[in-house]
Each structure stands twice: as structure tokens, then as C-alpha cells.
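What TrEMBL says about this one:
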type: REGION; residues: 17-51; note: region 'Disordered'
type: DOMAIN; residues: 55-191; note: domain 'DUF4142'
Amino acid sequence: MAFAFSTALGGLSVQAQTTQGAQPAAGTQATQPGTSTQAAQPAANPQGQSQLTQEDANFLENAIQGSHAEVEGSQLALEKTSSQDVKDFAQMMIKDHQMMAKEASSLAQEKGMTPPDGPSAMQVTEITALKALSGGAFDAMYVNRIGVASHEATVNMFDKASKGAQDPDVKALATKALPKLKEHLEMARALNEKQEK
């Protein structure tokens, strides 16, 4: 869900956002050039009350943006890397995070939110920086930032939501995704160690 790349690229801002409360951190989602970065807004039900707490809405927004960032960063990895290990990891990130973004976006719409359609501005900046790299420098930044750092932040965010989300559907989404995100983190750590040797 916001998952891997939001963790890697926007992971630090995702952590800041989830610990600061109601206001999302700037740049928790990156957008592709030409697309708008749109913050998800909790919608009002017919009685004019929000269907989600601000914290639950922030979680969904960050999860969706993070997944978009993971997908964009991983698509870039498929274009730029010559490492089969990095390609295999990137393909898994694309497949899993497209599914996570789809599920989280559907839930957001069901709860009256307009889901973001791309990564945060900060994540876009980091993806742009990644585009400028090549060879081993690209692989190292991709694995470290999108693989390890973003997934550390994402696992923390999903763990918190799996225990503390007020909406039962949001809690269930976080709980369902958490094992896969932990698997991504362990794979990224192993890949990072392999590259450092």
C-alpha cells in the first residue's frame, strides 16, 4: 500500500506524518511528471460528518501514495539496472504495490475519500534524483531508499494502523498487507547486504 516506495522515498515523511497527527507531511507521495499530486480528503456522509477519522484518512492517503511511489521507482529500476536481482525485486514491487494501491484506493472511495493518483511531491523529487543515476549508484540508491528505508517506514505505519485504526475496514487492510510488507523489507535488506559486499 504506500507501501514500499513510499517507505523508501517518502518513508521519512510518512513517519513524520503519522506521528504528527492530522496534517500529512509534505511529499508523502510522488507524482509522475504531468500528473497532479492530490491529497485525499475525507468526504462527508449525507449528515455532513466525516466517514473516517483524520488519522485513518491520512493512513490511507500515505499508503496509496507510497504504493504509487514504489511502482514508479521500480519501473525505473527495470529500465536502468543490469542486475537480475534488482530486476526481480523491482518486478515483485510493481506487482504487489499495484495491487495494494488498488485495494487501498477502493477502500478510500468506499469511505468517501478521493484517493491520490500518484506519489507525493517529495517522492517525485526523490524519483527524479534516482533518474539521474546509473549503474551501481542507481542500484545502491534504489535498494537502500525504495527497498529498505521506505519499507521500514511503511511497516511501522501499517503496524500502527493494524493496531490503532478506528475504522475496522482500515484496520483489516493494514493487517492484511503487513506480512507482505515485512517480506519486502527482509528481501530488500538481504539485497542491500549482497550489494554492499
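The backbone N, Cα and C atoms fix where each Cβ goes, glycine too.
Confidence for the domain 'DUF4142' (55-191), expressed as mean pLDDT, is 97.
Taken residue by residue, the domain 'DUF4142' (55-191) breaks down under DSSP into 118 helix, 0 strand, 19 coil.
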